[in-house]
Amino acid sequence: MARTAPAASFESLESDLDQKFAYPASSKTYLTGSRPDIRVPLRTILQTSTRTDKGEMQNPPIPVYDTSGPYSDPDVHIDLKAGLPAVRAKWIEERGDTEVLPGLSSEYGRDRANDPATAHLRFAQLTNPRRAKAGANVSQMHYARKGIITPEMEYVALRESLNLQALYDKPDYKALLRQHPGNALGAGLPLRPEDITPEFVRQEIASGRAIIPANINHTELEPMAIGRNFRVKINGNLGNSAVTSSLAEEVEKMVWSIRWGADTIMDLSTGKHIHETREWILRNSPVPIGTVPIYQALDKTGGIAEDLTWEMFRDTLIEQAEQGVDYFTIHAGVLLRYVPLTADRVTGIVSRGGSIMAKWCLAHHKENFLYTHFDEICEIMKAYDVSFSLGDGLRPGCIADSNDDAQFGELRTLGELTAKAWKHDVQVMIEGPGHVPLQRIQANMDEELKHCYEAPFYTLGPLVTDIAPGYDHITSGIGAANIGWMGTAMLCYVTPKEHLGLPDKEDVREGIITYKIAAHAADLAKGWPGAQLRDNALSKARFEFRWEDQFNLGLDPERARSYHDATLPAEGAKIAHFCSMCGPKFCSMKITQEVRDYAASLPKEAQQGMEEKSIEFLKKGSKIYS
């Protein structure tokens, strides 16, 4: 498949979105909550009719979870320079526990805002940021623990259920909603769509088993949940580097990622104009945005880890919190005493954040300042409702290093920090590996659930083998499906370029689709209510040779259509009862249909006679020769 060129400007990107973003045979619909401004998006995939001897039978539309935001709504005009609608602004203002600041609190933020050299790069439609009023806590966990159901929680309940309970009484959906029993492996999943209530969401947030990453300054956000008892989510990474790229390219990567199904995005920029790049992404993102603040703090030192200070890092946290970043990866578990444990590893410390903090600890022979200042970090987090993504700085970089003392020592420290964050009512998820062979994955999940008190687990794969450079989206997708079933709440995607180079748009697409497959497989295995609906619809379309429906119900309709058309490009092939794999004479599904038609055409007497012979055969012991 040809690779698409990146957008040259915001104007060309907007034009491209208007022309190419729409999904085939789909409509954008909304579920309305208890108030008119709770409008939860979902995508409905339209199906063609089934042709029978008795005429055409309608096939119902299939609702699917949608991460694409307003970009897939034909009624919304996209203006990247103005940003997306502020869907949460009224909810936040009505709570009365925040205040609009007179200006930016971060020294670095003020410097960037007043620097004439970056004026042409800045997002022009900025408003002053909000912060909690003195003594207030504005986290979703704090509200949940006070018994308050926020609009964000109600939004999540509708989004997770897709209102599937309304379909169970409709005859058209009866067969499509059949589902194999799952094995939730001890998780407390809702049994039916109607069990996914706002109160259920509140309880999960209050317990710490789930988070709603939703900074009060990211008003464009469409709320979503990350937790063991919800749908498995996936994260996509983007970010510029010293050798790439433009602001428009990074916004394009974000939009491209959510088009294919990324539930959250991490901006891992390490190149020029990190601050401005992040602002453009946030103002145009309907999904939560995460960052690794130590990257930008290191950039401020000129790349010298030893020169990092708590004061510099604190200013970076505030700068990013006031922009609207929803979760921070913070490597507070990389303790001085753990660093020597990595000495005998094959690949040492492979986390960028982990290596930065390890180098700082060794250079100063002091404890990690992220650990010693953790309570102060919590004060910042709860003032803006930024969630922790506690980083696994000592994750294994190869399967030989998996499950060692350094990895699990850090994990136990992350559990200690989770308990500390929860005392502040700050939301937490835990980052996990990495590279782990299949037989050692369950131990990772068990350790996390035990020592981190069921806080959501967020893993990078894991890759289950190290022998396939160029195919690590597959080696990691195998591990991701397994650990997702075992209880991981969010899977960080891996692209084919992992370990080899910076991914382009097509690599991002490949990684996201791979991880959508893994997450969906995990939902099926867990028994998420309604998870099998799309599988059943596609299987029925496949058996009935409804080729267009097969394409459109898939995760990547364009890829499926292009593969089919490579050998059978004619339009007539879209209604043919065969494909190029078996041809017209050897198609098993076509033969099965012919057998069914033949059986249905037999007189009742003939059918009865065959049934009698069948019974006689069984009574004789099912022996062909006596």
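Cβ coordinates are placed from backbone N, Cα and C, and glycine is handled just like the others.
The substrate site in Swiss-Prot is built from Asn237, Met266, Tyr295, Ser351, Arg352, Gly353, Asp392, Gly393, Leu394, Arg395, Glu431, Tyr458 plus one of His218, His331, His373, His499, namely His331. Between the alpha carbons (Cα) of Tyr458 (substrate binding site) and His499 (Zn(2+) binding site) lies a span of roughly 20 Å. Residue pair His499 (Zn(2+) binding site) / Arg395 (substrate binding site) shows a Cα separation of 15 Å. Rounded to a whole number, the C-alpha distance linking Gly353 (substrate binding site) with His435 (Zn(2+) binding site) is 17 angstrom. By neighbour count, meaning other C-beta atoms within 10 Å, the densest spot among the binding-site residues Tyr295, Tyr458 is Tyr458.
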